[in-house]
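Over in TrEMBL, the protein carries these features:
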TRANSMEM  43-64  transmembrane segment
TRANSMEM  70-94  transmembrane segment
TRANSMEM  106-127  transmembrane segment
TRANSMEM  174-191  transmembrane segment
TRANSMEM  203-220  transmembrane segment
TRANSMEM  243-265  transmembrane segment
TRANSMEM  286-310  transmembrane segment
TRANSMEM  330-359  transmembrane segment
TRANSMEM  380-398  transmembrane segment
TRANSMEM  404-426  transmembrane segment
Amino acid sequence: MFNKVNLISHRLSRRKTYAENEDGDLLESHSGTGPKLLRILNLFDLTFLGIGSTLGVGIYVLAGSVAKDLAGPAVCLSFLIAAVASGIAALCYAEFGARVPKAGSAYVYSYVTVGEFIAFVIGWNLILEYLIGSASVARALSLNVDVMSNHSMSRLFTLTTPIHVPFMSAYADWLSMSITLLMTIVLAVGVKSTSLFTNTFTILNLSVVVFVITAGATYAKPDNWVLSVNETLQKDNVGVGGFFPYGVSGVMAGAAKCFFGFVGFDSIAAAGEEAKNPKRNIPLSIVLTLVVVLIAYVGVSVVLTLMIPYYAQDKDTPLIHAFQQVGHSWAAWIVTVGSAFGLAASLLGAMIPMPRVVYAMAKDGLLLRCLAAVHPRFKTPFTATILTGSIAAIFAMVTDLDSLVEMMSIGTLLAYTLVAVSILILRYI
């Protein structure tokens with residue numbers, strides 16, 4: 001009996017091993033005769049993958065909601081604090097990505113350091129996280145198109161295919177399903193074509209962010225950062241004015257919410273097996289991603305709170321509302337189109353890691369071996385990509401956006417925690 005328990009314990013805690021070089025880095029295993037994933041992503045591709053995954057719709061929503069309810073003009077400090085906290089997790093991913101340049105992200109890292117059982121749990125956690133993340137971004141992109149169509153699309157879907165199930169969407173969102181399936185095809189036919197789409201969408205998104213910062217700066221009013229108590233007395237729950245209307249506690253509460261605006265850099269680590277010179281490019285691209293995203297968030301939050309008072313912000317569409325308040329409704333269309341580009345890049349960034357985690361688990365024998373197949377022509381985990389993309393499309397079609405976002409948060413924090421613990425084990429145990 002004791003021997004059986006000991007055997008089970010050993011199998012649950014056994015670790016994945018790789019050969020090490022003289023620097024202690026784990027080398028790739030070249031076992032197997034099938035097609036391999038190609039190392040074709042350079043520093044530029046990896047950086048724009050990270051930026052595209054991270055700088056999604058949050059740049060168009062987060063600053064306004066945090067400024068209005070939690071931090072006021074000090075929202076820029078909330079983003080700075082959140083960036084420091086996120087940077088700590090990012091450095092853990094950067095070190096692991098350089099030392100273990102394999103597909104699978106936190107799953108592979110925990111398998112190497114903690115053991116098979118924890119890796120199995122983390123692997124499924126990541127699959128669910130990326131699945132929900134992909135569906136939520138697709139749903140948000142569909143809602144964006146719906147706004148541009150003056151809600152005619154949602155009215156049509158509600159009339160033709162309503163859903164009367166608790167915790168589900170009010171209607172079957174065929175557009176979000178179609179978008180997800182289209183992105184699945186793009187992913188399946190090659191990582192280079194996927195990278196081209198991601199780079200294009202990200203450049204367009206960044207261009208709109210630059211437009212918002214420069215155009216908004218021309219309407220900046222420094223007085224909006226030093227509002228007196230008398231100016232806020234007649235309003236409910238708007239703090240005491242000034243730069244810190246809700247105090248330091250508001251800044252910290254805002255930082256906790258802003259933290260999720262920096263989630264997405266782990267997609268770089270998930271593509272580690274397709275990165276050129278991963279020891280250099282993965283850490284550098286992760287750092288560059290955080291720097292660019294931080295500059296974008298701080299720039300937008302500063303301009304936004306200088307254009308109109310923090311208490312007058314709109315929580316759902318703050319940038320559109322701000323430009324409308326200063327008399328430039330035409331800029332709202334540019335912001336709306338920019339958010340669509342940002343969401344498209346974010347969707348691809350969310351979908352790239354998902355089949356690679358499935359591929360890594362299948363290659364290790366923890367899922368069906370057929371899911372580890374690499375397409376001989378496209379050099380992608382083709383079967384895993386089609387399967388996960390199809391499931392994400394169904395999720396996007398029938399699930400409510402708010403429910404998706406709430407489910408995703410715990411998975412992200414769990415993955416970050418395990419990677420941090422795994423770094424300590426890798427270094428000191």
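Each Cβ is built from the backbone N, Cα and C atoms, and glycine gets one as well.
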Using a cut-off of under 8 Å between C-beta atoms, tell me which stretch among 43-64, 243-265, 286-310, 330-359, 380-398 contacts the transmembrane segment (174-191) the most. 380-398
Taking pairs 6 or more apart in sequence, does the count of Cβ pairs under 8 Å between the transmembrane segment (243-265) and the transmembrane segment (43-64) hit 3 or more? yes
Given the transmembrane segment (43-64), its same-chain partners at Cβ distance under 8 Å and 6+ residues beyond its ends are 75, 79, 137, 140, 144, 195, 198-199, 201-203, 205-206, 209, 257-258, 260-265, 267-268, 271, 275-276, 280-282, 284-286, 288-290, 292-293, 296-297, 300-301, 304-305, 313-319, 321-322, 335, 338-339, 342-343, 345-346, 348-350, 352
Between the transmembrane segment (70-94) and the transmembrane segment (330-359), are there three or more CB pairs that fall under 8 A, provided the residues in each pair are separated by 6 or more in sequence? no
Counting Cβ pairs closer than 8 Å to the transmembrane segment (286-310), the top stretch among 70-94, 106-127, 203-220 is 70-94
